[in-house]
Amino acid sequence: MPLPGFGVPGPVRTRPAPGAVHIPGWLSPERQRELVTACRGWARGPVPIRHTRLPRGGVMSVQTVCLGWHWQPYAYKRTADDVNGARVAEFPDWLVRLGRAALADAYEDATAGEGYTPDTALINFYDGQARMGMHQDKDERSSAPVVSLSIGDTCVFRFGNTESRNRPYTDIELASGDLFVFGGPSRFAYHGVTKVLPGTGDPATGLTSGRLNITMRVTGLE
Ligand SMILES: O=C(O)CCC(=O)C(=O)O
Ligand SMILES: [Fe+2]
């Protein structure tokens, strides 16, 4: 039996840009299952998960449901006026604690999560065809980091620069259980999902197909 810390080495963390950290396998299988169960509940309501309509008439291929604040392109509101007018589910304290732990681990600094109180989360579900174009998360009035958790099928996550959606960028595979944090100089970097790799997830998470991504953010709104 391998000694603690001397087992088979897991995938290693990478830092694609200053302030951006990828930690593969950060969520335990049990935690992934809990998150899948929680997301199933949020997907049912009070605001059901849906394909977001864009102002110019497009519809996103990803399905999204929000916590805390409802993101409707391109602003945060308390009520989901583009869905059913209901107030979105509360952002739970346990998820705040998970966000703080993520920052402490990502930045290898036990104090990095202190004072981090995310108040919105976007929960995105990708089927095998869904994608997300290059964009900045910039509807928040805060430069606090974004904490991203992935469960289910692996995707190719494109993490770029703060100037434009074009190169330079790094393509990173985000697999089930992975943590990705982007803060500091990377907080407003362009990023997107270029593809999902169907059949790569472990059904033991509770997700038999597709990819779930949760991004926690600080809106800076009252
Ligand atoms: O699915 C992902 O990994 C990224 C999601 C994202 O960029 C967003 O919701 O703004
Ligand atoms: Fe984003």
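Quick reminder: no glycine exception, Cβ is built from N, Cα and C everywhere.
Note: TrEMBL annotation is automatic and uncurated.
Taken verbatim from TrEMBL:
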DOMAIN    117-220  domain 'Fe2OG dioxygenase'
BINDING   HIS135, ASP137, HIS191  Fe cation binding site
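A simple way to gauge crowding: the CB of HIS191 (Fe cation binding site) has 27 other CB atoms within 10 angstroms, across all the protein chains here.
Across the domain 'Fe2OG dioxygenase' (117-220), DSSP assigns 6 helix, 45 strand, 53 coil.
Neighbours of the Fe cation site: apart from HIS135, ASP137, HIS191, residues of the same chain with C-beta atoms within 8 angstroms of the site's C-beta centroid are MET132, MET134, GLN136, LYS138, ALA189, TYR190, GLY192.
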